[in-house]
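What follows is a set of notes on a single structure, which appears directly below.
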Ligand SMILES: NC(=O)C1=CN([C@@H]2O[C@H](COP(=O)(O)OP(=O)(O)OC[C@H]3O[C@@H](n4cnc5c(N)ncnc54)[C@H](O)[C@@H]3O)[C@@H](O)[C@H]2O)C=CC1
Ligand SMILES: NCC(=O)COP(=O)(O)O
């Protein structure tokens, strides 16, 4: 008996002036023989014209994409209103960028793609065009949320991190940090580590907010007042959690061996370690959605767009991880 081929993944265009198109073409070259198959939602004419690009096939449906993938990069043609000039984002293209994300979600919700992988967006350009969400994570929660907060997890082979607060100014992140938010983020993380990553008994490490995790209250009170009660509540629920740990020593190789995911209290506390360790292999996964979503960990890289210097490693890892999570969820269903 021949098993049906898994549905392809949907890859969104991201910022047309960024490196998304060139890393999509490079990822296709690397994955065409092995998969996972994906279909790109973008302007097919501009993809076909990329210098050093790849064969392109305009497809009408994701189902056609699975057939076309070994021979050519399948593209669901979504024309851009303005030319894509490397390094120079144009807000006129913002509606097409946003529409591609919404369409990929709809395809995933209908089961026509196995999940979505998003190319990076230029956030300020979308804001200038009226986009009201800090980033994909929050927009996806509106489109495909489950009633729980979206959680951003970044993963590479040697580390997984989760920021409890995401795209907030640092002052606001500290003001809004609560024990309840930490507990809910940790719960969602533990569930995802079990279901999506196959870790039967996940171990979580929670960073303190202040230097030295507050040094017994002499360097800040939030560690004892907010983080420590969250750790106690998680342990009472049977989740293996430790902390608050001093953030400056919890990412050493020895410390990393003791946990499956580290929770940082704010964006940079969690993301600096993983981007420093593995910028080209890190993957961003949104937890707490009804669909599978991953993305490369990097941004639009406007400074090198169009030069051919962009590394496709993180996108390839994002495509592979999305396929793996989709397969794990299908097995568990
Ligand atoms: N998921 C998403 O949509 C994300 C979007 N962004 C957005 O991207 C824009 C630019 O952000 P930045 O902080 O400048 O970060 P960035 O990741 O775009 O660039 C930082 C540095 O890394 C280099 N770089 C990034 N990706 C690379 C690759 N694949 N190969 C080789 N070099 C690479 C760039 O050339 C640059 O020097 C911002 O608007 C930001 O909001 C940033 C992160 C994720
Ligand atoms: N710094 C990570 C990041 O900006 C990811 O944002 P998004 O996936 O929510 O768009």
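Going from the start of the chain as shown, residues are counted 1 onward.
Note that Cβ sites are derived from N, Cα and C of the backbone, with glycine treated the same way.
Within 136, 267, the residue that TrEMBL lists together with 167, 212 for binding divalent metal cation is 267. In the three-state DSSP scheme, residue 136 (substrate binding site) falls into the helix class. Secondary structure from DSSP puts residue 167 (divalent metal cation binding site) in coil.
A simple Cβ count within 10 Å picks out one of the binding-site residues 167, 267, 293 as the most packed, and that one is 293. Taking the C-alpha positions, the distance from residue 284 (substrate binding site) to residue 267 (divalent metal cation binding site) comes to 13 Å. Note: the Cα of residue 212 (divalent metal cation binding site) and the Cα of residue 137 (substrate binding site) are spaced 30 Å from each other.
There are 24 other CB atoms within 10 A of the CB of residue 136 (substrate binding site), with all protein chains counted. Its own atom aside, the Cβ of residue 275 (substrate binding site) has 18 Cβ atoms within 10 angstroms in the protein chains shown.
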